[in-house]
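J.: Questions regarding the structure given below will be posed in turn.
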Amino acid sequence: KNMITGAAQMDGAILVVSGADGPMPQTKEHILLAKQVGVPSIVVFLNKADQVDDEELLELVELEVRETLNEYEFPGDDIPITSGSALLALEALTENPDTNRTGDPWVKKIYDLMNEVDNYIPLPTRDTDKPFLMAIENVVSITGRGTVTTGRVERGADQVGDNIEIVGLKETRQATITGLEMFQKTLEKSVAGDNVGVLLRGIQKEEVEPGMVLAKPGSITPHKQFEAQVYILKK
């Protein structure tokens with residue numbers, strides 16, 4: 001459930017596979033889910049490379065990963081694959097936070113991975129000119145501040161002071177945005193693609209729930225019937 005919710009928002013993904021063990025059953029599940037929910041691009045990180053003494057074994061794991069990606073209709077032959085050790089890179093950075101790509105070979109591998117992400121996964125086009133819309137994924141109550149809804153802005157933009165509508169499941173409600181936060185940073189404005197927490201004035205936690213949306217007033221209306229294409233996943 002959490003994997004599907006997260007993957008549905010992704011513009012790209014890093015598939016982490018143990019270089020010592022190769023693809024596991026859950027690896028295939030994650031690749032299938034990524035394909036079904038429309039993750040457009042994947043890069044691969046073969047972790048635990050420090051535990052593999054024979055370079056040929058690592059090459060066999062890479063070949064197996066590419067074949068698995070091809071099986072689920074990703075371009076496995078073209079997807080960049082980087083090997084390294086997240087643990088050893090973390091230990092090097094913990095010991096010396098100023099370590100850069102030239103200071104430690106395992107840290108360099110992480111830099112190499114992120115370069116592949118930058119080069120292979122294209123920057124997405126955002127619908128910033130359309131009316132604001134955000135699907136609510138979670139709702140929390142902060143003592144002394146009010147109710148915060150979290151989610152990814154699907155289109156448009158919003159800012160502190162904007163009036164919005166809460167639409168779906170219950171009667172449509174009006175609310176005012178009194179705060180925006182993203183990764184523990186306070187914002188004045190958020191735009192399409194941002195994962196944000198939206199603080200709402202005068203709304204109780206029990207009045208909103210996941211599945212509802214925040215929208216520009218008058219831009220959308222709720223419906224009780226719809227047509228859908230459903231994917232049934234089985235083991």
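Cβ atoms here come from the backbone N, Cα and C positions, even for glycine.
Residues or ranges marked as domain 'tr-type G' by Swiss-Prot on the basis of sequence analysis: 1-125. Under the heading GTP binding site, Swiss-Prot lists N47, K48, A49, D50.
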J.: Average pLDDT across the domain 'tr-type G' (1-125)?
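T.: Here the predicted model's pLDDT, averaged over the domain 'tr-type G' (1-125), is 90.
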J.: Provide the three-state DSSP residue tally for the domain 'tr-type G' (1-125): helix first, then strand, then coil.
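T.: For the domain 'tr-type G' (1-125), the helix, strand and coil counts are 65 helix, 15 strand, 45 coil.
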J.: Report the residues of the chain - excluding N47, K48, A49, D50 - with C-beta within 8 Å of the mean position of the site's C-beta atoms, for the recorded GTP site, in sequence order.
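T.: Result: S18, G19, A20, L46, Q51, V52, S83, G84, S85, A86, L87, L88.
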J.: Give the number of CB atoms, excluding that of K48 (GTP binding site) itself, located within 10 Å of its CB.
T.: 19
J.: Give the number of CB atoms, excluding that of A49 (GTP binding site) itself, located within 10 Å of its CB.
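T.: 21, counting other Cβ atoms within 10 Å of A49 (GTP binding site).
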J.: I want to check the contact list for D50 (GTP binding site): same chain, sequence separation of six or more, C-beta distance under 8 angstroms. What comes out?
T.: S85, L87, L88, W106
